[in-house]
Amino acid sequence: MGEKDSETAPIWGKTQQRESNTHPMDLESPSLSGQQNRSQNQSRGSYEERGRGVKEFRSWYSWLIPCFVIANVVVFVITMYVNNCPKKSGDCFAGFLGRFSFQSTRENPLLGPSSLTLQTMGGLDVKKVVKGDEGWRLLSCNWLHGGVVHLLVNMLTLLFIGIRMEREFGFIRIGLLYLISGFGGSILSALFLRSNISVGASGAVFGLLGGMLSEIFINWTIYSNKVVTIITLVLIVAVNLGLGVLPGVDNFAHIGGFATGFLLGFVLLIRPHYGWINQRTAPGSKPHKYKMYQAVLWTVSLLILLAWFISGLISLFNNVDGNKHCSWCHYLSCVPTSKWSCNREPATCTTSQLGNQLSITCMRNGKSASYILPNPSNSRINSLCVQLCR
């Protein structure tokens, strides 16, 4: 009788208190009297004190997410070192960077390496995964980026979302959420994008967004401002997935990462309800640590996750093409318009060398060009082929 329940806003919101037979009242509302403020602040402090010994409610120092960002940047620098555009291609952008200069913007508008370099460094190549037994590419591709623009967008988003989540839930749970979501995104991408090299941490970042959303549902009773937060998150995800239908974007990695993170959030980010926290040290019978709906969501999500990973990996390593079983799914990653094409076939060319003259013909569009290049490298030929086929 008269017991108070504490509510908190998801991750970034304000803490609220509510008492039986009264309406919720914002602790920071200027309309509260001094006595009400003191009473509610004491009550909030009481709940913080009671939850202090519960690991699910402790505050953490964020260090893993910054380490992930540093690792991604270091890998990109190494990739550009290996790319060595001046030596292997010749046609470079920002040549003053020397060995670290970018491929021509006609070949890579994101200011980055060649597709051949990304493949060498561990980009997601389905043929190599299935026929070359290189399953490690499902993980390594999440640490590679197509260019500076790609890297900046992903890392800024990761810092903004990831640091807040790590402070709230700790490095173990958020680290697992990030890594497993990236892996789930890679599986879906490999099932539907069969011919392109796919790279980027976008799937893992979308997994964090998915985890943020499911965490609100699994811990529904302890949060306030739930509807506003859910609408905001859904709009953010919808806009980003909408941008994913543009050509050159691997939206399947986004969708797979988000779905994996959403399910994983129910499993990793579950918290005890406040009724258990308030009474855990009291004598006599105590309520269950988790409510029934939490246990149901946890169990169902775990089973769906296991089924998805098992079926996805079996399908992938049996060389199943998802597009043959879903005729419309390719529209989830690219919608063709009069302004662009969704042809994702890799650039393939025929070449002939006569003295110092190299002749190249693109098999995709039939365009031909000749270049004065004595003994061109494979990387240089590949770069010219990509530009010709655009």
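Cβ from N, Cα, C; glycine included.
TrEMBL labels come from automatic prediction, so no person has curated them.
Annotation comment: TrEMBL describes 33-45 as compositional bias 'Low complexity'. Marked as domain 'Peptidase S54 rhomboid' by TrEMBL: 134-269. As annotated by TrEMBL, region 'Disordered' applies to 1-48. The transmembrane segment annotation in TrEMBL covers 60-81, 143-163, 175-193, 199-220, 227-246, 252-274, 295-317.
Within the domain 'Peptidase S54 rhomboid' (134-269), the DSSP-based counts of helix, strand and coil residues read 107 helix, 2 strand, 27 coil. On the 0 to 100 pLDDT scale, the domain 'Peptidase S54 rhomboid' (134-269) averages 92 in this prediction.
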